[in-house]
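Chemist: Got a structure for you, questions after.
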Number of protein chains: 4
Amino acid sequence: MEFWYTEKHTNDVKFSIRVDKQLASIDSEFQRIDVFESPAFGTFLTLDGYMMLTEKDEFIYHEMIVHPAMAVHPNPENILVIGGGDGGALRELAKYPGVKTLDIVEIDKLVVDVCKKWLPQTACGFDDSRVRVFYQDGLKYVRSCIDKYDIIIVDSTDPFGPGEGLFTKEFYGNCFKALKEDGIMVNQHESPFYPKDAEAMQRAHKRITESFGICRVYQAHIPTYPSGHWLFGFASKKYHPVRDLKVRKWKALDLKTHYYNTNLHAGSFALPNYVEEILRNVESEE
Amino acid sequence: MEFWYTEKHTNDVKFSIRVDKQLASIDSEFQRIDVFESPAFGTFLTLDGYMMLTEKDEFIYHEMIVHPAMAVHPNPENILVIGGGDGGALRELAKYPGVKTLDIVEIDKLVVDVCKKWLPQTACGFDDSRVRVFYQDGLKYVRSCIDKYDIIIVDSTDPFGPGEGLFTKEFYGNCFKALKEDGIMVNQHESPFYPKDAEAMQRAHKRITESFGICRVYQAHIPTYPSGHWLFGFASKKYHPVRDLKVRKWKALDLKTHYYNTNLHAGSFALPNYVEEILRNVESEE
Amino acid sequence: MEFWYTEKHTNDVKFSIRVDKQLASIDSEFQRIDVFESPAFGTFLTLDGYMMLTEKDEFIYHEMIVHPAMAVHPNPENILVIGGGDGGALRELAKYPGVKTLDIVEIDKLVVDVCKKWLPQTACGFDDSRVRVFYQDGLKYVRSCIDKYDIIIVDSTDPFGPGEGLFTKEFYGNCFKALKEDGIMVNQHESPFYPKDAEAMQRAHKRITESFGICRVYQAHIPTYPSGHWLFGFASKKYHPVRDLKVRKWKALDLKTHYYNTNLHAGSFALPNYVEEILRNVESEE
Amino acid sequence: MEFWYTEKHTNDVKFSIRVDKQLASIDSEFQRIDVFESPAFGTFLTLDGYMMLTEKDEFIYHEMIVHPAMAVHPNPENILVIGGGDGGALRELAKYPGVKTLDIVEIDKLVVDVCKKWLPQTACGFDDSRVRVFYQDGLKYVRSCIDKYDIIIVDSTDPFGPGEGLFTKEFYGNCFKALKEDGIMVNQHESPFYPKDAEAMQRAHKRITESFGICRVYQAHIPTYPSGHWLFGFASKKYHPVRDLKVRKWKALDLKTHYYNTNLHAGSFALPNYVEEILRNVESEE
């Protein structure tokens, strides 16, 4: 059966995954939601045709968007996830016994419903009793929060469509205010390789540096995302992402991770020259 | 114009690059050699239909196969490259003024000729006066070398076809003998993500550990290789890849690199848990 | 959304249809059944990944497999369809008021169920009160019939998988016996263009000529079948496909057809030289 | 080697041919010219990325654009080909001993040069001593001809780009004037199946009927053209395409053809109802 899902990474580069079956296809109020079954990546979710996550490699993204901040902050108790309706970030956060509240703001309830049905391995994050779900616009939600969270995870889609507002200066400024005085914001930060992705990444970095004092970017290998080279932003009021890493404390938690470890934590902040250059270009603009 | 080169990363995953023109197509004694021009990656070279290098991202592979060993070894003067007929590894090695001889053993002269014509940015490595080219089987060449090289770079194709012999225990053993008492061997080490690549990577690691005392693996982001997550092996008689890194000395050389830097050097040896596990599995077998 | 169904017409030729959604995917006892929705062809059905019919062009196939024989036979009352679980041939046959019994033998009940649900425009053929459905192997069914039908329509899949038996000499011989003394058998006859299809077409013709006195082949333009050039076989005990065409009688029925007409009927038996040659090659073998 | 040429037959339908090598790629003054070698279709030519002809099936197009008019006209001596720079129409015309002059007007000399080099089987048409080549705009050339030709073959590309002018009312009017009082014009007439092709076909028919008294359309099976269902226009001042067919005379010439024969000639003018309807719609507008 020749049945393929293709994502155009650029107009001139295609990444194609053989599909066994399409499991679901729903038009929500906000976007088109599709779930596919594939021999290479297991079940995978797309929104408006863009790859969101696959059963086989989602662990990389979700571990890397959660553990670095959690291993740096000395006492993360109140956590907010913006976006992340698949539940993967929640699942990783729920591994920490010290967490007291786990709020998530997802604009599209149907994404959550679909993931609960077809991607239970990921959506199990919603099962934790500390989780509170708010189905609303993350942009609006965060506007009304002040000095409330230790960590905010911005687990957004790409900077167009429903996720667009989560890449604005206003939004990052509101996240800053919503964080406590030693809070940390982590965001999915696009990719440095293909020119359009690199621009989005640069723009996001510029906007974050306008609000936060400490802004670093770290990287991971995510095979199903464009170029496989994906970035995350670490924006912090007080803690340094590497110097304040609490290696012993984190290891003592004895969490089971498949990608993240504290060595890799430090390593992931060491970026290639060409990426550093793109970032420095906007830093120096200020 | 819809004209695409596609590489099957697995039977169920395709990576496709829009081609503007095919620049060359030659059947050599050993393999089919093709050169294409593409809007996304510039000129690129394939051997037997497998992606070898593209103008846009070859700097990553070539910097990462060369600089880590060069930045660790205290006095690398005699270098051997096995394979690497595109000249990219030579180009990076030629940046070091301390190097005295730069030998390269490439089985297929036509690869060199084609790269000199169509990929001069890469093949310029051959222009250095210290370079000596041997057109022969690397496996045979290395058999006759004893205590001769400070560093051997195994810049092979994949472990099938002409490159197959460069993944055998015998070959690694001969490289060990060809190296001086504090020599280092670096090899392209396949990828950890797709199961078949991971097996090849594991097998290579097992065979190298049978000859060398210090065997570490490091990673880079190479967008045009399967999964974008590529590994290199660092096999050493004496020096540790991270502890013996000479940061100040390397920086003093003031080499211009686009990907590599000494921070990233250390970071690249910090591997994800799942990769460490695959490697440990064969280490413990011994 | 880049989501494509592809059929390999040969190992070196692909025909791809953009899919909007997959509507069904079922593994029956006999084959895999899939239904897709596409912008270009509407809903379409595949069996074991091979294109069977699309909403947009099925009228061509179904009109052409039915009306030529019906317009030649002077009094077709008892009709048998073998295969044809989509109901399209039945739909065309049911247009004739003179038909008394409309038997269909389909091996796979799930094909019928799926078509009734997703392709009602085609499956409506089953609604006619004269239709009797036998869910069994057409090969076996026809063995037990003697002198029973005026017309047999062999609406089979390709000559491999469940449809294989419907391309054998034994089967055609049994169809001959199942037909009355002036009966006509029509079969889907593959395509003359790509070498493997042409072989199948030639083989079928050879086997039919071994049983029937009058064996002619006619053609139609079916855009979604390999090469778009599709053939049907007209095997007859008595009537000639063109000389015995009853133009005035057929026109008097005033049937609404979208492809077939009596001019085209005659024209469709005029084959290109290269097709005639392939057919003559096996005729002369006898 | 996964290397494919793809033509989008519509935005939602792709036809792909595996390519072994690209043999030529030239930007002429008018268009991009590419030649490919493929296992399924042999050498093939594209203009601006659109399929023009393949070694394997060009005989169908070239026989069908030439022989019907030649078999109807009682004494075709002076022939004009407009477009047709590949030489295929010339090759078929040159088979007729009665032809005295064979003029061809091709706008792009490079197309002729490329075909002479890479498609000699087709371009051999230029070798006939009666051939006179004019490298200029067919639209302009025909403006200055009055009562000069027995047959004009309009072998144009699609109605956009360089071929656009060859689908205008003015052009057809000038062809009418360029023909003698019993002249015939044949043109490639696009396809009836996909909506945009059908519109182009309908528009061409409308414009031709505005100049010529007898306007009929005939069809052929061309596997490499969109839908495989291709049309030709037969526009005539005096002769009817079927009633005036000279079967015996044509057979007496004993020409070797691979697709065309006089039976098929008549058959090819019998069109499906849905095509007749599209044509009638514009005929009745007048």
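The count begins at 1 with the first shown residue.
Including glycine, each Cβ sits where the backbone N, Cα and C put it.
Automated prediction, rather than curation, is the source of TrEMBL annotations.
Feature list, courtesy of TrEMBL:
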- D:D155: active site, proton acceptor (ACT_SITE)
- D:Q31, D:E106, D:D137, D:G138, D:P162: S-methyl-5'-thioadenosine binding site (BINDING)
- D:H62, D:D86, D:D155, D:S156, D:T157, D:D158: spermidine binding site (BINDING)
- D:2-237: domain 'PABS' (DOMAIN)
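Quick one: where do these features end up spatially?
Modeler: When secondary structure is read from DSSP and collapsed to three states, D:D155 (active site, proton acceptor) falls in the strand class. Here the Cβ of D:D155 (active site, proton acceptor) has 26 other Cβ atoms within 10 Å, regardless of which shown protein chain they belong to.
Secondary structure from DSSP puts D:G138 (S-methyl-5'-thioadenosine binding site) in a helix.
All protein chains included, D:T157 (spermidine binding site) registers 23 other Cβ atoms within 10 Å of its own Cβ.
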Chemist: Which whole-number value in Å describes the distance between the Cα atoms of D:D158 (spermidine binding site) and D:E106 (S-methyl-5'-thioadenosine binding site)?
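Modeler: For D:D158 (spermidine binding site) versus D:E106 (S-methyl-5'-thioadenosine binding site), the Cα atoms are 15 Å apart.
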Chemist: Have a look at the binding-site residues D:E106, D:D137, D:G138, D:P162 and say which one has the shortest Cα distance to D:H62 (spermidine binding site).
Modeler: D:E106
Chemist: For S-methyl-5'-thioadenosine, what surrounds D:Q31, D:E106, D:D137, D:G138, D:P162 with a Cβ no more than 8 Å from their Cβ centroid?
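Modeler: Result: D:F30, D:G83, D:G85, D:I107, D:D108, D:T157, D:G163.
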Chemist: What does the structure give for the C-alpha distance between D:D155 (active site, proton acceptor) and D:P162 (S-methyl-5'-thioadenosine binding site)? Integer Å is fine.
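Modeler: With the alpha carbons as reference points, the distance is 12 Å.
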Chemist: Where does D:H62 (spermidine binding site) sit in DSSP terms: helix, strand, or coil?
Modeler: helix
Chemist: Could you give the maximum C-alpha to C-alpha distance in Å for the residues D:Q31, D:E106, D:D137, D:G138, D:P162 that bind S-methyl-5'-thioadenosine per the record?
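Modeler: For the residues that bind S-methyl-5'-thioadenosine, the greatest Cα distance is 16 Å.
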Chemist: Determine the minimum-neighbour residue: among D:G138, D:P162, listed as binding-site residues, which Cβ has the fewest other Cβ atoms within 10 angstroms?
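Modeler: Comparing Cβ neighbours within 10 Å for the binding-site residues D:G138, D:P162, D:P162 has the fewest.
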Chemist: Along the domain 'PABS' (D:2-237), what average pLDDT does this model show?
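Modeler: The predicted confidence over the domain 'PABS' (D:2-237), as a mean pLDDT, is 96.
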Chemist: Look up D:P162 (S-methyl-5'-thioadenosine binding site) in the DSSP assignment and reduce it to helix, strand or coil.
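Modeler: Going by the DSSP assignment, D:P162 (S-methyl-5'-thioadenosine binding site) falls within a helical segment, counted as helix.
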Chemist: Can you tell me how far the Cα of D:T157 (spermidine binding site) sits from the Cα of D:D137 (S-methyl-5'-thioadenosine binding site), in Å?
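Modeler: Cα-Cα distance, D:T157 (spermidine binding site) to D:D137 (S-methyl-5'-thioadenosine binding site): 13 Å.
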